[in-house]
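**Student:** My structure is below; once you've seen it, I'll send some questions.
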Amino acid sequence: MSDGDSSDGESNVGQRFDRLPATASERVVAGRATRAEVLEYFEDRFEIPPETFDEYTFWEKGAGKIWIFSGESPSPAPVEAIGMTCLRTRQEHWKPTTDFVQRFGRQANACVIDIEREAARRFVCGEDQSLEWDGDWGYLIVAHEIAGEREPIGVGLYLHGELRSTVPKGRQREL
Amino acid sequence: MEPLERYRPIIDDFEAFRAACERPLGIAVRVNTIKADVDRAMATLDEDGIPVEQADWNPRVLRLETNAPGSTWASFHGFIHTQEEVSAVPPVVLDPEPGDRVFDACAAPGGKATQLAALLDDRGTVVANDNNLGRLSALRFNAERLGATSLAVTNQDARNFSFNPLAFDAFDHALVDAPCSCEGTIRKNPTTLEEWTLDHVHSVAGIQKGILKRAVQATKPGGTVVYSTCTFAPEENEAVVQHALGTTDCHLVDIDIGLESVPGITEWQDETYEGSLEKAIRIYPHHNDTGGFFVAKLEVGSA
Ligand SMILES: C[S@@+](CC[C@H](N)C(=O)[O-])C[C@H]1O[C@@H](n2cnc3c(N)ncnc32)[C@H](O)[C@@H]1O
């Protein structure tokens, strides 16, 4: 990993999990997101209250892949996986994962696009589609109504009147 | 089917047992309460147009009339996980509480590990271990789809499990859902018994003994260890538990699950097992129209 080098020699090791520093003043690995930045991102973009994550920790493995965990672990954690992947950082526009949005997206109040059943079906197949949306462009939480309540489906990329599905291949379904 | 003949002496209604083993198994799913409560999961399946029946012994276990439970909104949202009905028994018997540190020694592909996470309300630590990396990738996929944040996944031989990667050095509870000869899955995989040999039964029993022993050692006094297999062979069931009773500090406790079952046996061919093995349960396919399972519940320390 070349992008993680910092002046004091600490670097990002791709094959283990490191807990995110609380704030920038505790950061030793260059480029690593902090817990504060992650909470701020979820609040600024999606209005997910930061308290949602009071009992969770955030971890980085590889360059920019962030995991969310509710258990106990030392850092670094020499394990295969810790909780679930939640966010991709170290790129201009951060991107939440499908599974994170399904798990925590009900807390969101902004950048949530509600779609109809047929559009939802296409989205889950991985199809891109033209849709009206007058909010922010970029990554949105895509939701639909199921059994009388709003339910997040996944993450869409909205650009120029088009909603692109980012549902990973292995998660796509014909419904 | 021939290998099953050896169980004629220990199974009361052997003909009913044989007949049940020949019937295909219905589809069952477990409601993943990390993402939806039972009512919401059932309402979603109803919108999916799928008839549902709740299991008497556990409202979170649903029997479905469909061959494709994976092609439903309920599944896409991770509200349900396809899991054989009896396979949901061991975590319920283990009965962990939120905040606990739980060891799942043989966890892949993760049906029971994610069920343990749900029983913890996803608060606490489930160490989901398996020695097979390929199967662990299936576990990770399932854990993410089901939204389990309390799993730490390790890739060790459970017989020599090391606490090195962890923040603590004893578990509150452990589940050993052991590799086995899988006789009890005959209704799901009719070819299961084609490769059956007594040598395999004996060699897998050696592995089971090693894993159960380590799991008991890794659990704190007063903690519980559940040992389960999906097989009928006493060599892999009572004999393995008897070995743990003899080599570690633990004892058997009663199981109360609300499913029809018979007690563990105390005699098999030339062997006799301790009387307390009657606290273990044998669930046969004809009892509740499910697959077969063996479950024993141990408490660490003396009685
Ligand atoms: C019956 S399956 C477990 C099913 C799992 N508990 C579930 O509910 O999805 C047994 C597992 O034990 C694993 N295994 C076999 N030998 C092992 C060992 N020595 N240490 C750890 N795991 C082992 C196998 O790879 C297999 O995944």
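Please read every residue number as a count from 1 along the shown chain.
In case you wondered, yes, glycine gets a Cβ from its N, Cα and C as well.
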**Student:** Please state which member of B:D95, B:D121, B:D122, B:D157 TrEMBL lists alongside B:C106, B:A107, B:A108, B:P109, B:G110, B:G111, B:K112, B:D130, B:D177 for binding S-adenosyl-L-methionine.
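**Tutor:** For the S-adenosyl-L-methionine site that includes B:C106, B:A107, B:A108, B:P109, B:G110, B:G111, B:K112, B:D130, B:D177, TrEMBL also lists B:D157.
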**Student:** Which number gives the other C-beta atoms within 10 angstroms of the C-beta of B:D157 (S-adenosyl-L-methionine binding site), all protein chains shown included?
**Tutor:** 15
**Student:** 10 Å Cβ neighbour count around B:G110 (S-adenosyl-L-methionine binding site)?
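**Tutor:** Counting Cβ neighbours of B:G110 (S-adenosyl-L-methionine binding site) within 10 Å gives 29.
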**Student:** How big is the gap, in Å, between the Cα of B:D157 (S-adenosyl-L-methionine binding site) and that of B:C230 (active site, nucleophile), rounded to a whole number?
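**Tutor:** A Cα-Cα distance of 20 Å.
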**Student:** B:G110 (S-adenosyl-L-methionine binding site) to B:C230 (active site, nucleophile): how many Å between their Cα atoms?
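**Tutor:** Given the Cα positions, B:G110 (S-adenosyl-L-methionine binding site) is 15 Å from B:C230 (active site, nucleophile).
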